[in-house]
Ligand code: GLU
């Protein structure tokens, strides 16, 4: 008989945001890790919207999450699934657990439970539900009070420990004695948070859960419920949080935390993916890698155990790299809408050439758009103070000379540079003595990129018209 090696179960990861606001950087980063892990293993990345908090969940927030994932190029293979559409399934599992005896009805009112907790606290014990309604062999339960809708509690093991080998943090263990008999359904039958997560991870066949380490305390509860259901346990990995540059938890105080705000501010999704991935994960000393390399290299062993720090300067450096790397035409296509927003026009301008000129110095698409307004915006005129300072009589004569020479030649950067040099030589001037008046006269600014390149891009008609006006 031939031996066959069992094929390993295909990897299935999920991102499970609660749609209560925009997608923040921390959420985007965990999503990215789950996405990259699934892609690396040719597995499946599931998107699940945890919208059971109806007070705080909104369709706008769902849309914002979808838009952000789309922008970052993390499209799910399955989903979005919505927990609110799975209520029947949760109720079904609650019923099965009641039937199996792994869950039970508890008729204690919230006030009674609070009193139990208070009593435990007073006795110096961990505040917890005292198990009044927990069925035990040989124990007689009190009669169910009339007219009270019970909650359903999970019959958590009371002895032993619940342990797992966390993909990020290593071995973690909780004493079962520390864990309450968790409420899994409220008096009106609605399931609770941890229970929905468990049923979903089970039904969706999730093999690897990567999430923020604010969920570590939920994990032993979820594992125990999964075990009670006879479900295969996923592997868990809890990623430490992101801190601001001052070491505090990253928040609005540190700048934008909404992923889409980075789109507004002119960051490339390629750069965001690179930067976010590197924030808490490493591949040797590599700081710059493509999306494909991330997928090829991603592993959970190199997820950092310690919190990572948001570094806006490094993000700018990464973004500048992707801007420099991008083809001029592609960059032009991405910057054009930003120029239009500023009231600029791009039809009569060689925008790829403008990008080529500006991209070495730009850190964001917004900076590129600002710079491109020199070529795409209306001439702002010459500020009086600059005119007084730089358009002196000597300068005007030199500018007139330059205009004549430039008009006579070809309109290329090289020819314009030669014309500038000829004027300097003829009149014994230094470069700034012509360069600055030329910038002021033609652009209304004293600082621009290389003036010969600026003149070439502005075009013969524009430059000669603006220089001509000086002589009027
Ligand atoms: N919905 C949870 C959150 O937004 C995530 C739950 C999970 O990943 O298990 O924090």
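Every residue gets a Cβ built from N, Cα and C, even glycine.
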Check your understanding: Which one of 79-102, 103-126, 127-150 shows up in TrEMBL as region 'Disordered'?
Key -> 127-150
Exercise for review: Tell me which range among 6-16, 17-27 TrEMBL lists as motif ''HIGH' region'.
Suggested key: 17-27
**Study point:** Annotated range (TrEMBL: motif ''KMSKS' region') out of 234-238, 239-243, 244-248, 249-253
**Key:** 249-253
**Study point:** Other C-beta atoms that fall within 10 angstroms of the C-beta of residue 252 (ATP binding site)
**Key:** 10
Study note, to complete from the structure: Counting only residues at least 6 beyond its ends, the same-chain positions whose CB falls under 8 A of a CB in the motif ''HIGH' region' (17-27) are 49-51, 53, 56-59, 61-62, 64-65, 68-69, 212, 241-242, 250, 257-261, 276, 310
Review point. Any idea what the model's mean pLDDT is for the domain 'Glutamyl/glutaminyl-tRNA synthetase class Ib catalytic' (11-317)?
Key: 96
Point to revise | DSSP three-state assignment (helix, strand or coil) for residue 252 (ATP binding site) | key: helix
